[in-house]
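Visitor: Found this in TrEMBL, in case it helps:
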TRANSMEM  6-24  transmembrane segment
TRANSMEM  86-106  transmembrane segment
TRANSMEM  112-131  transmembrane segment
TRANSMEM  138-156  transmembrane segment
TRANSMEM  176-197  transmembrane segment
TRANSMEM  209-229  transmembrane segment
TRANSMEM  286-303  transmembrane segment
TRANSMEM  362-381  transmembrane segment
Amino acid sequence: MTRKHLILLSMILLFSVGFFLRFYRFNNLPFGINHDGSLESLEAIELMKKPLPLQVHSLKRPWLGETLFRYYLAGAIKILGPTPSVIKLASTFISVSTVIAFYFFTRTLFDNKIAFFSTFFISLSGWHIIMGKSVWRAISLPLFECLTFYLIFKALKTKKTIFYFLSGFSLALTTYTYAASRFIPLIVFFLFTFLFIKRKKEFIVNKRSLVILVLSFFVFTLPLISFAFKYPSTFNSRSDFLFVGNRIKQTNNLQPLLDNLKKTALMFTVRAGGDDFFVNEPLLDFPTNIFFIVGLLSSFYFIKNFNYQFTLMGFFLSLLPGLLSIPNGNRNIGVLPFVYLLSGIGLKTSHETIKSVFKKKMFIPNLFVAIFFLITLVNVWKIYFGKNRREIFGFYPETTIVGNFMKPLLNDYYFYLTDNYPRDVLTFLTYQDGDPFLKHYTWLEQKEEFLKVNQKNKGIVFIMFNNPDNQAFIPLLKQKFPNGEVSELKYIDDNINRSAAIIYTVHKI
């Protein structure tokens, strides 16, 4: 078997592992739907029903931002239907595609070894696997980011005009993915500025190709630029709301910025600090977090090399969206490719160091890599797929169970809910033909408001958390609706067995 065939076989095996971990019980690990993913899906249904005129940014719901991912989601829903499985499958497919694009990006920048090691780490990335199932538009950013950098470096190597055109097109598409993508053109600008300083003569010769890249980017970004000028408050609403400068003004000191610097420094290896998915856990699992640190230090050591300069530049500039708002794995999703590239660099550096020590025993450095490959795989399986896996906060399994219970009964019962069941999840799960944002249930602030409900032409179902306070309230419902019955919905999955809701059902008279 030739070296070329061995590399190809290794990549097929690696991609297979990455695909397997993303599709294995993809609808149940984790079980449930995220509230933001539900919102994305609801607006995707809206776009499906009225795709034209083209919307580049949500106008009705500014916080939902760019629409490229939702148009893609709308296509999946149109073909396969508006179900939880379909939207998670569509989102997971983006995640899988990113792994492939990431490999080609890293391969154009570094050698086979770093590309393979880096792709191994992103293939087994809990951060990327979970985000891929969130149905957030943020998951589309790393895909187009990797495609853009791959095409740019391909253009620089081949000097072919088509790659310069495609680079501009891909960079433009990147800006339609997620707010953090606005920093990707900045990385590209610094990249070409740096290259111009180093290779001025070459750039003068290829100025036509560079003009094509810029024009391609500008033309395809024009609709978004036009929207930004026409609706500046809408375009910037989310970033303005989260801007760290607001907290600096409130406190009249730089402490909020210092806090963000600390959170940014710790989120990969100590605590991610997110609102969902990764809160008290780091974004990187062991031993990826160790090799990330080694890779970061190694890149500074090899900083005279352009490839390492670009990696460090991309890494630090990609941290700006979180640093200027609230750092976490969602707002810093643009840094994900650089983080796993640094981890791959760290493993290669470790491998080369051991190889230099054991020059006559080549099996030792290879055994080192094999052991850490196995440790990474076992640890990822244990954390995210094993029977005693970590439960991922933010997928709302109890709410999903409630929504699945409600949907087949919508024609026969009125539903009244209280407590913190995310309404966006319920609205998506109970979607009927028509307005996707129409709620087929009534949510009440206090359970005592249930007693104001009067029975009409359907049965009634009251749903609330199963806790002592609500259990004590059931007798009051029985007094008003004596023909009702109490039941319970449970969330059961492997080692999980807990109540999802207590239900009081009043059948139609």
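We number each residue from 1, going along the chain as drawn.
Using the three backbone atoms N, Cα and C, a Cβ is placed for every residue, glycine included.
Mind mapping these onto the model and telling me what they sit next to?
Guide: Tertiary proximity for the transmembrane segment (6-24) is limited to same-chain residues at least six positions away from its ends with a CB under 8 Å from its CB atoms, namely 92, 95-96, 99-100, 103, 112, 116, 119-120, 122-124, 129, 132-133, 377, 380, 384-385.
Residues 11, 15, 18-19, 22-23, 26-27, 33, 37, 40-41, 44, 69, 72-73, 76-77, 80, 114-115, 118-119, 122-123, 128-129, 131-136, 139-140, 142-143, 146-147, 149-150, 153, 337, 340-341, 344 of the same chain lie 6+ residues outside the transmembrane segment (86-106) yet bring a C-beta within less than 8 angstroms of a C-beta in it.
Packing against the transmembrane segment (138-156) from elsewhere in the chain are residues 68-69, 72, 91, 94-95, 97-98, 101-102, 104-105, 108-109, 128, 131-132, 163-164, 166-167, 170-171, 173-174, 177-178, 180-181, 184, 188, 191, 195, 209, 213, 314, 330, 333-334, 336-337: each is 6 or more residues past its ends and has a CB under 8 Å from a CB in it.
Sequence-distant contacts of the transmembrane segment (176-197) (same chain, at least 6 residues past either end, Cβ-Cβ under 8 Å): 56, 65-69, 137-138, 140-141, 143-145, 148, 152, 156, 203, 210, 217, 224, 238-239, 306, 309-310, 313-314, 317-318, 320-322, 331-334.
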Visitor: Kindly say whether the transmembrane segment (362-381) and the transmembrane segment (112-131) touch, using the definition of 3 or more Cβ pairs under 8 Å where each pair is 6 or more positions apart.
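Guide: Yes, the transmembrane segment (362-381) contacts the transmembrane segment (112-131).
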